[in-house]
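TrEMBL lists 39-288 with the feature domain 'G-protein coupled receptors family 1 profile'. The transmembrane segment annotation in TrEMBL covers 23-46, 89-118, 138-162, 205-224, 236-259, 271-290.
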């Protein structure tokens, strides 16, 4: 029988053991985190104060920004602390809490992206019914489902993480408490956790991605039937930003969670995880605003109003 050991804390190896690179990474990720907070909080405030941004699309976008703030904040502050710290530890309870919020927010985000795809389908394929079918009450109900489902599924997944046993190796080869590296160092409860991780990730990613792909298949068919070139251009421009965000987020998550944890996959997963926990939340406000005429106009009006106020 394995010699199970009570765990009080873990050591987070981080992105690298090289001290010179740790300082460089600290500066880089601190800047990225500040831009993430400013960009996403700015997007939430802009949507809340701009009359032209009160459509369902921007309502869902504000929730995507809200989730991105918490998604990045769940991981980045601890990563920054450990980059400058000699101990680089996280308590066992802190590790479970970080796991819980990480899994919950991942599920919330993938289903918000699916809801946003459905919203684009309704706007482009059912324009006459859009106002009545996507009322504020309906939007609130649609956005409530990802939160309720995500935090419920995460509770179950975290309980399986709690069921892992360790035999003296408390060094996590990662910069946050992620399931794959935890499974790699565990010596008990591994098979059920590994199986449920892959199955739950597979089911949820497949289902939410199916909603996105089906919505956009129907959108493409509807757009190709449009006679107006301007109409086709506008439809593709509004969908292009969302498809970019979907491709980046799903691609990195599938790479991370739909593989069996090995030493090589865990090592590769660290750089991929750095991308989707810090870089993608920073990029999302830029992706949705740079090519969006409504957002640009709202920013111009907000700046003009601020100048008049002075």
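Quick reminder: no glycine exception, Cβ is built from N, Cα and C everywhere.
Because the structure is a prediction, the values reported are computed rather than measured.
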Leading stretch by Cβ pairs under 8 Å, where the reference is the transmembrane segment (23-46) and the options are 89-118, 138-162, 205-224, 236-259, 271-290: 271-290
CB contact flag for the transmembrane segment (138-162) and the transmembrane segment (89-118), at least three pairs under 8 A: yes
Integer average pLDDT (0 to 100) for the domain 'G-protein coupled receptors family 1 profile' (39-288): 87
Among the ranges 89-118, 205-224, 271-290, the one whose Cβ pairs under 8 Å to the transmembrane segment (236-259) are most numerous: 271-290
Positions on the same chain near the transmembrane segment (205-224), where near means CB under 8 A and six or more residues out: 110-111, 113-114, 117-118, 120-121, 124-125, 231-232, 235-236, 239, 243, 246, 250, 253-254, 257-258
